[in-house]
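For reference, the structure is listed below as structure tokens.
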């Protein structure tokens, strides 16, 4: 998996603050300087004022201003299972690598056993891995080796069958039906800062599946560089709380 910040609103926290101050200003924020807009906010410098205002907004549940700052992420190599989970979220725009127009006829099926094309879950590589809804708390070495081999055999066979169907003239849009839900996909997705916090509330939580949790954590790391005061406050004061931010 690889996650990159593809594009994002410049000076996002200036924009958040301008939008928030607009609600309480008798002068349009479009006709005055940022310094004038922030004049009544506590702080000795503009950076302190931004920190004060952003903390106040998040602490009091005034999330609307955070919808003005937008970020676009490029995600490479997550499973179709992870894609199905993240695309359930509203107010996020997606473009997804197509399996109708992109075929995988040149992939070596044996390489699939080692992570090519199909995501390998930790439970197929780590005998001590404990996952949600697992039927057995622990497994023997023999059981682990057997399940790891079954997993690798199955995905290798699926890719071989897919490629055979292509060779027999089946269109990629139909041949893809035999590929596993772990097949890797690339995604471009855009969301505002408020929505990213909501996604993190749901998908960085301990009860989220390991893959989408890892993806979300990487997005949060990138967001911390892009929108630092907002996501520092989120990490310290909001992340993991029971009252999750509504979409």
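Just so you know, glycine gets a Cβ as well, placed from its N, Cα and C.
These numbers come from a predicted model, not from an experiment.
With 85, 86, 87, 88, 98, 99, 100, 203 listed by Swiss-Prot as binding dUMP, the candidate from 147, 176, 241 annotated for that site turns out to be 176. Among the binding-site residues listed here, namely 89, 192, 194, 89 has its C-alpha nearest to that of residue 203 (dUMP binding site). On the backbone, the CA of residue 198 (FAD binding site) and the CA of residue 98 (dUMP binding site) stand 27 Å apart.
When pLDDT values are averaged over the domain 'ThyX' (1-237), the model yields 95.
Closest to residue 193 (FAD binding site) by Cα-Cα distance, out of the binding-site residues 85, 87, 98, 100, is 87.
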